[in-house]
Amino acid sequence: SLVQFNKMIKFETRKSGLPFYAAYGCYCGWGGQRPKDATDRCCFVHDCCYGKVAKCNTKWDIYSYSLKSGYITCGKGTWCKEQICECDRVAAECLRRSLSTYKNEYMFYPDSRCREPPEYTC
């Protein structure tokens, strides 16, 4: 669920998903066009991952996971819940690895500036 993903982001980056990632660059949030930096690419990959489990309720399905010893571990559940958890875990870890690229200028980045043709495909 979005609430759980936010907790994973905060665990990994020490930044809350809201406001730091909810509307960052061209992909964090609604997503579209070309990622602005490595942080935004994490969101692109997360969108692609969610696209692979489109039949699942990615925004609201509550899954099992734990945050221990610096690691996120996804628990057992339905196929959908396990896949959503993995998408969120991988994205949160990617955001941590990309902290050095985070630019405040991309917070609340206007969609109107995300018009370049896509550079990547899922």
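Keep in mind that glycine also has a Cβ here, set from the backbone N, Cα and C atoms.
Listed in Swiss-Prot:
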type	residues	note
DISULFID	CYS26-CYS114	disulfide bond
BINDING	TYR27, GLY29, GLY31, ASP47	Ca(2+) binding site
DISULFID	CYS28-CYS43	disulfide bond
DISULFID	CYS42-CYS94	disulfide bond
ACT_SITE	HIS46	active site
DISULFID	CYS48-CYS122	disulfide bond
DISULFID	CYS49-CYS87	disulfide bond
DISULFID	CYS56-CYS80	disulfide bond
DISULFID	CYS74-CYS85	disulfide bond
ACT_SITE	ASP88	active site
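Across the structure, GLY29 (Ca(2+) binding site) and CYS87 (disulfide bond) are spaced 15 Å apart at their Cα atoms.
Nearest neighbour of CYS87 (disulfide bond) by Cα distance, taken over the recorded positions CYS26, TYR27, CYS28, HIS46, CYS56: HIS46. Take the Cα of CYS85 (disulfide bond) and measure to each of the recorded positions TYR27, HIS46, ASP47: the nearest one is HIS46. With respect to their backbone Cα atoms, CYS80 (disulfide bond) and ASP88 (active site) stand 12 Å from each other. DSSP gives TYR27 (Ca(2+) binding site) a coil state; it is part of no helix or strand. Closest to CYS114 (disulfide bond) by Cα-Cα distance, out of the recorded positions TYR27, HIS46, ASP47, ASP88, is TYR27. Comparing CA positions across the recorded positions TYR27, CYS28, CYS43, ASP47, the one lying closest to CYS94 (disulfide bond) turns out to be CYS43. Looking only at Cα atoms, CYS49 (disulfide bond) sits nearest to CYS122 among the recorded positions TYR27, CYS28, CYS56, CYS74, CYS122. Distance noted between the C-alpha atoms of CYS28 (disulfide bond) and CYS42 (disulfide bond) is 8 Å.
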